[in-house]
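Down below is the structure, laid out as structure tokens.
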Amino acid sequence: QCLYEFVAFVPPSGGSPGAAGTASVAVDTAHPLSLLLNSSAADTPLCGIEYHFGEFGNYSLVVKTLNASTKTVSCDLIINEGPINSYLPILFAFLVYMGILAVLIVVRLFMKIDPVRNWVYKKLNPRETDRLINSELGSPNTTDSINCDPAPHSWSTASRQRLHSLDTFRGLSLVIMVFVNYGGGKYWFFKHESWNGLTVADLVFPWFVFIMGTSIALSLSSMLRWGSSKWKVLRKILWRSFLLILLGIIVVNPNYCLGPLSWDNLRIPGVLQRLGFTYLVVAALELLFTRAESGTWEAPYPALQDILPYWPQWIFILMLEVVWLCLTFLLPVPDCPRGYLGPGGIGDFGNYPNCTGGAAGYIDRLLLGEKHIYQHPSSSVTYQTTMPYDPEGILGTINSIVMAFLGLQAGKITLFYKDQHKQIMSRFIIWSIVMGIISAILTKCSKEEGFIPINKNLWSISYVTTTGCFAFILLLLIYYLVDVKKLWSGAPFVYPGMNSILVYIGHEVFEDYFPFKWKMQDSQSHAEHLTQNLTATTLWVIISYVLYRRRIFWKI
């Protein structure tokens, strides 16, 4: 439902016999396009085609007059030069990483051979034996330690009791987030969707919010079980939220390459700001109703024992969602239809050019000011929008709280059914099915035609239920492989997962510095972009691994 945009004017042939007017244009290849040829005299449509052009392909749209009196023309698309296979760099990168993984597995198998292992240990410090046994694909274990120092012993014990699946889930989300933020090889599916829909890039932030909620349930339960008072825990929650918001506003958001920090155009919302506020609400909500001692609740419905004791929390979350629905669909927005969820610009046939985001955009511009929100939303390219719009705005934060609450529920499941793997996994499956059904109803299984489309910019409730469905499935798989069957230690994702704040802030601050970025020979090459982005992402994984081996963890 977009307006046609002017692409080119084809000049007249000049009257020479056999001569033809020509015009050359570059067109987008991410999605199928509709091309329309109009008569310059009467501006009437002569012909139109729909085609999905390929990258670096060369095409001719040949237009011939069939009947001058009736002005009948023919339009034929000719492929002069076929498009390239732009996905070959991804295949090559996949094979390279699989080769590295194969080498690590072979090394791991060789280390299980006694003569080889003994020879390696003789060459290295024997006091580091315990750390070397647990190499890249392992995790600390106190049973084989020969170090008498009590500090490493207690550290290893804590590590062994930790659910490595949570760190792995968090690390996987973070690694994809870093790769996407660095450019994702300039592939369209590694970029955020222009408006409605879902790409790989749109999955990682809600997954990070989800696992933050899971960690809240486990960490608060642990702190209270160890005797911390609720007031002490609340002070820690407030301090951590404050630091996250402050880091987002002062360190991550500003572009200091453009000059000193200025309040005139400082972006107030942001990723860390949303994480900080979401953490504050969900952690405070859980602290208010959590109990220091875990135990079974005498419920008339035992299957709901991880839900019914916390009914006030559910009422609060449902009330928040009612607020989001009311503001989104009932709030009057000047010069815009009530309940508008579109991108504005040339979308919806250009009827609402200044209505980007509807109520969500209006609230941000009203309360924060146009200069203090994101100036280049993903909708500006496809939909030619001119209004600033922030995907981490105020109204969407309500649904990020809902997403974190779903993660909190996953954490409660692991607490209530501790070591009951079948119960935990079955409930993860049930939650994923429930979320999937809700998403199917809200979207009508359609990208554009649903009641509430999946939209990352709006953080629509269907976006939350859809990514929540995927999150429960992914957590189920990782939990089964890492903590149940122990077929995988979580490496290498577990390492950035244990230092998530440092990796996220670091990759933002050093984004434009070597070796994370360098001048490319061909800026149009997927291969060069992919090499640069994968190198930068891999470096942060290596940095997090080095910090893990040195037992350096930056916590807020």
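Placement of Cβ uses the backbone N, Cα and C atoms for every residue, glycine included.
Automated prediction, rather than curation, is the source of TrEMBL annotations.
Per TrEMBL, the features are as follows:
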type: DOMAIN; residues: 162-282; note: domain 'Heparan-alpha-glucosaminide N-acetyltransferase catalytic'
type: TRANSMEM; residues: 90-111; note: transmembrane segment
type: TRANSMEM; residues: 169-189; note: transmembrane segment
type: TRANSMEM; residues: 204-225; note: transmembrane segment
type: TRANSMEM; residues: 237-256; note: transmembrane segment
type: TRANSMEM; residues: 271-289; note: transmembrane segment
type: TRANSMEM; residues: 310-331; note: transmembrane segment
type: TRANSMEM; residues: 394-417; note: transmembrane segment
type: TRANSMEM; residues: 424-442; note: transmembrane segment
type: TRANSMEM; residues: 462-481; note: transmembrane segment
type: TRANSMEM; residues: 493-510; note: transmembrane segment
type: TRANSMEM; residues: 530-548; note: transmembrane segment
Please indicate, using numbers and ranges, the residues of the same chain that are 6 or more beyond the transmembrane segment (530-548) and have a C-beta under 8 Å from a C-beta there.
89-90, 93, 136, 171, 175, 178-179, 182-187, 492-493, 495-496, 498-499, 502-503, 506-507, 515-518, 520
At a C-beta cut-off of under 8 Å, are there same-chain residues at least 6 beyond the transmembrane segment (493-510) that contact it? List them, or none.
139, 164, 166-172, 174-175, 177-178, 181-182, 208, 247, 251-252, 271-272, 516, 536, 540-541, 543-545, 547-548, 552-556
Look over the recorded stretches 90-111, 310-331, 394-417, 424-442 and say which has the most C-beta pairs under 8 A to the transmembrane segment (462-481).
424-442
I need to check the long-range neighbours of the transmembrane segment (394-417): which residues 6 or more away from its ends have a CB within less than 8 Å of a CB in the stretch?
163, 206, 209-218, 221, 269, 274, 277-279, 281-282, 285-286, 294, 296, 305-307, 310, 313, 317, 320-321, 323-324, 327-328, 359-360, 363-364, 367-368, 423-424, 427-428, 431, 435, 457-461, 463-464, 467-468, 471-472, 475
Could you give the number of helix, strand and coil residues in the domain 'Heparan-alpha-glucosaminide N-acetyltransferase catalytic' (162-282) as assigned by DSSP?
90 helix, 1 strand, 30 coil
Take every residue in the domain 'Heparan-alpha-glucosaminide N-acetyltransferase catalytic' (162-282), average their pLDDT values, and give the whole-number result.
90
